[in-house]
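One structure is given here, and the rest of the page talks about it.
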């Protein structure tokens, strides 16, 4: 219940505001996790920030699906037979939730790509020696009048990949939706 409320609070904060705030906090001194210190130019920090920012967008639909399945007949039958909780989770619930996760993953990857590019463009994401479409667009910003393709090419690449990920997510949703498949087959 507490974790659900934390996710609701994270859901209420705009994604880019949250990501920019976390990036600014970690970029100055790096990130300290116990004895581990991650430098600000480390690639793990932007990845961790993007994962943290988009966690509620994955957790809420998956939690809703799990809550709908927990009172299903096959789960109740397994409980009445004394099957351990971990086995019910792995054998009964996870396979039924897997299709939701598979459909959601490409859509969240598209959003994560846009967020990473925006943070890198603002110089608070992936730093210069590491290649990022956001940093390439930022480098091409000064050349937009003399050599516009330096900025346009990575922008087009972002658009193409985001559209491709969205089409992939839609295709997976159509392919894995049992109700829709049964309607088409009948």
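All positions are counted from 1 along the displayed chain.
Placed from the backbone N, Cα and C atoms, the Cβ positions cover glycine too.
Annotations in TrEMBL come from automatic prediction, not curation.
Small disclaimer: the values here were computed from a predicted structure and weren't measured.
Taken from TrEMBL as is:
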type	residues	note
DOMAIN	1-169	domain 'ABC transmembrane type-1'
TRANSMEM	9-31	transmembrane segment
TRANSMEM	43-59	transmembrane segment
TRANSMEM	89-114	transmembrane segment
TRANSMEM	149-169	transmembrane segment
- Query: Mind checking which residues reach the transmembrane segment (89-114)? Cβ under 8 Å, same chain, six or more beyond either end.
  - Reply: 15, 50-51, 54, 57-58, 61-62, 65-66, 69-70, 74-75, 78, 158, 161-162, 165-166, 168-169, 172-173, 176-177
- Tertiary contacts of the transmembrane segment (43-59) (same chain, 6+ residues out, Cβ under 8 Å): 7-8, 10-11, 15, 18-19, 22-23, 26-27, 30-31, 101, 104, 108, 111-112, 115-116, 119-120, 125-126, 130
